[in-house]
Amino acid sequence: MSYPSLFAPLDLGFTTLKNRVLMGSMHTGLEEYPDGAERLAAFYAERARHGVALIVSGGIAPDLTGVGMEGGAMLNDASQIPHHRTITEAVHQEGGKIALQILHTGRYSYQPHLVAPSALQAPINRFVPHELSHEEILQLIDNFARCAQLAREAGYDGVEVMGSEGYLINEFLTLRTNQRSDQWGGDYRNRMRFAVEVVRAVRERVGNDFIIIYRLSMLDLVEDGGTFAETVELAQAIEAAGATIINTGIGWHEARIPTIATPVPRGAFSWVTRKLKGHVSLPLVTTNRINDPQVADDILSRGDADMVSMARPFLADAELLSKAQSGRADEINTCIGCNQACLDQIFVGKVTSCLVNPRACHETKMPILPAVQKKNLAVVGAGPAGLAFAINAAARGHQVTLFDAHSEIGGQFNIAKQIPGKEEFYETLRYYRRMIEVTGVTLKLNHTVTADQLQAFDETILASGIVPRTPPIDGIDHPKVLSYLDVLRDKAPVGNKVAIIGCGGIGFDTAMYLSQPGESTSQNIAGFCNEWGIDSSLQQAGGLSPQGMQIPRSPRQIVMLQRKASKPGQGLGKTTGWIHRTTLLSRGVKMIPGVSYQKIDDDGLHVVINGETQVLAVDNVVICAGQEPNRALAQPLIDSGKTVHLIGGCDVAMELDARRAIAQGTRLALEI
């Protein structure tokens with residue numbers, strides 16, 4: 001069998017899991033929607049149908065103080081059971097199991113009635129928590145147990161008690177957030193009392209034939225965080241209190257070390273889980289950046305853990321496990337760890353989806369149905385939008401011919417994949433290459449198509465992308481001026497002193513590329529831990545190395561410039577932008593806003609900064625100043641009476657946006 005460790009059953013005593021895969025908890029935003037139960041039922045059922053052994057729901061609060069935001073989802077009353085039963089019945093009909101995550105967000109709750117062990121404000125929240133009294137703590141423990149009881153009545157197979165990531169239970173555990181002097185604070189035995197009593201109360205309420213997962217923070221990655229000795233002590237106490245499984249938690253939300261984004265190596269933290277092996281007899285789950293069945297199987301086969309948690313990979317591909325088990329791993333749409341359509345959406349109050357799979361969490365809104373009228377369609381441009389349209393339209397029965405002027409598919413993805421930390425884009429291109437074969441798309445590369453050649457098609461989809469915008473600066477045609485395509489696509493030589501005009505996504509990518517000192521650590525776990533100051537020995541509190549970050553300096557002197565007076569990189573993703581800024585600043589890259597450009601000549605780039613004229617004596621000026629749509633074919637086709645659709649950068653080119661491009665291409669393909 002392929003991946004024998006991954007597909008081995010796991011005996012929990014009172015029940016058996018059919019494989020070693022936990023679909024980790026993700027808040028989708030549907031938990032608060034009026035029709036959320038039906039949409040979540042479809043979302044989870046599709047994953048259960050394709051083999052997930054145990055699904056964990058998005059976080060549900062046990063009471064009003066624990067919600068993530070005002071109006072957040074709770075399970076604290078029997079009247080809410082029918083809503084949840086819709087979900088559990090759908091999962092069970094597909095042969096899966098599902099656990100409800102009980103999440104009290106503590107001082108991370110973004111509403112004015114938040115509570116915590118101590119009245120200490122989180123650095124990522126404007127609200128200050130109320131310090132819980134002894135009586136309130138006892139009531140909270142009962143609220144957790146009540147929530148678990150209601151979950152059982154609603155048909156859930158278990159619960160996950162969320163004890164990591166800096167949420168309430170985690171806040172009781174560390175001196176960073178617990179400054180109490182009563183029985184709930186002080187020494188570690190007191191600080192862990194709340195976590196243990198919650199698990200004990202839940203077990204007493206639900207009986208012995210019900211799964212209790214405890215999500216244990218094994219690596220806090222914050223100052224004054226927990227130690228490994230404390231982790232062992234807590235794990236043993238949690239086992240004694242009645243837990244069934246221990247899941248790994250990595251990093252608090254306020255930590256300034258990346259834990260799930262693309263620059264994090266695959267399986268980067270399974271070594272943390274392995275250190276707990278032998279200290280408890282419960283099955284251990286490891287997590288974070290496990291996006292590939294081979295990586296998962298390797299982790300299990302070498303004994304790092306008993307199960308793997310994969311969350312975002314099931315946004316990217318609901319069929320991940322069934323494809324792996326049936327020998328079709330090359331058809332898996334791999335999670336690239338970008339966060340652009342999942343976490344970044346949740347943090348602005350939108351529904352989760354996935355950059356590489358826009359149907360995720362929208363299954364009921366985007367059904368895949370056979371085409372009513374099969375058409376002969378031309379797609380011009382094999383970038384993200386064109387690829388997404390082509391394979392989805394062909395899967396519905398349309399005859400699709402995909403043209404591209406270049407020698408390989410991918411468009412801007414071929415730029416992105418070269419950026420250190422974005423190597424996962426190779427997987428996306430592998431997926432599209434394979435699906436072109438599977439769906440029967442006719443691919444014509446090295447083919448600059450004309451309007452006349454498109455006359456025979458029923459409709460044309462223009463996904464012809466963008467052309468870089470050339471800003472009106474005197475001397476813009478000077479030999480030292482390069483576009484980002486010259487650098488990233490054509491590999492033009494670049495000197496040691498560089499000015500980058502533009503601080504959007506492309507500007508940051510170009511800076512990451514030009515400032516990279518040697519091999520990227522996104523493929524090297526030890527190197528990654530060293531660069532970001534993670535103590536691999538786990539001897540230091542919080543898992544932080546005494547030496548701190550060791551990000552090496554750039555081999556080039558680079559300055560990034562933008563006209564806007566706002567913070568450079570302000571438009572980058574909420575959950576990943578800080579990683580790029582931190583990395584570049586640590587490498588010595590300068591970022592200057594509010595710049596006026598005067599001219600470019602042999603002396604360099606002439607600018608005005610804070611009212612002062614300066615000459616930046618650089619070897620090269622790299623232009624990353626936006627894009628214009630490439631619509632050359634649109635008007636001739638329209639003039640000839642043909643139906644034309646514009647998608648991707650060809651439609652809107654303000655910023656290169658793969659999330660929008662793939663979603664637009666997919667939606668059109670499902671409608672045409």
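Glycine is treated like the rest: Cβ placed from N, Cα and C.
Copied over from Swiss-Prot:
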type: ACT_SITE; residues: Tyr167; note: active site, proton donor
type: BINDING; residues: Ser25, Met26, His27, Gly59, Gln101, Arg215, Arg289, Ala311, Arg312; note: FMN binding site
type: BINDING; residues: Arg176, His253, Glu254, Ala255, Arg256, Lys567, Trp578; note: substrate binding site
type: BINDING; residues: Cys335, Cys338, Cys342, Cys354; note: [4Fe-4S] cluster binding site
type: BINDING; residues: Gln340, Ala385, Asp404, Gln412, Lys422, Val449, Gly649, Leu656, Asp657, Ala658; note: FAD binding site
type: BINDING; residues: Gln340, Arg563, Lys564, Met654, Glu655, Leu656; note: NADP(+) binding site
For FMN, whose listed binding residues are Ser25, Met26, His27, Gly59, Gln101, Arg215, Arg289, Ala311, Arg312, the greatest C-alpha pairwise distance in Å:
20
Do me a favour and check the Cα-Cα span between Asp657 (FAD binding site) and Gln101 (FMN binding site); whole Å is fine.
33
Which residues, sitting 6 or more apart from Arg563 (NADP(+) binding site) on the same chain, put a CB under 8 Å from its CB?
Gly594, Val595, Ser596, Tyr597
Name the one residue among Tyr167, Arg256, Asp404, Gly649 whose Cα is closest in three-dimensional space to that of Gln101 (FMN binding site); these are the recorded positions.
Tyr167
If one measures from the C-alpha of Trp578 (substrate binding site) to the C-alpha of Cys338 ([4Fe-4S] cluster binding site), what distance in angstrom results, rounded to a whole number?
13
For Lys567 (substrate binding site) and Gln340 (FAD binding site), determine the Cα separation and express it in whole Å.
20
Where Gln101 (FMN binding site) falls in three-state DSSP terms:
strand
Measuring C-alpha to C-alpha, could you say which of the binding-site residues Arg256, Cys335, Cys342, Cys354, Lys564 are within 10 Å of Lys422 (FAD binding site)?
none
How many whole Å apart are the CA atoms of Cys354 ([4Fe-4S] cluster binding site) and Glu254 (substrate binding site)?
24
Mapped DSSP class for Arg176 (substrate binding site), helix or strand or coil:
coil
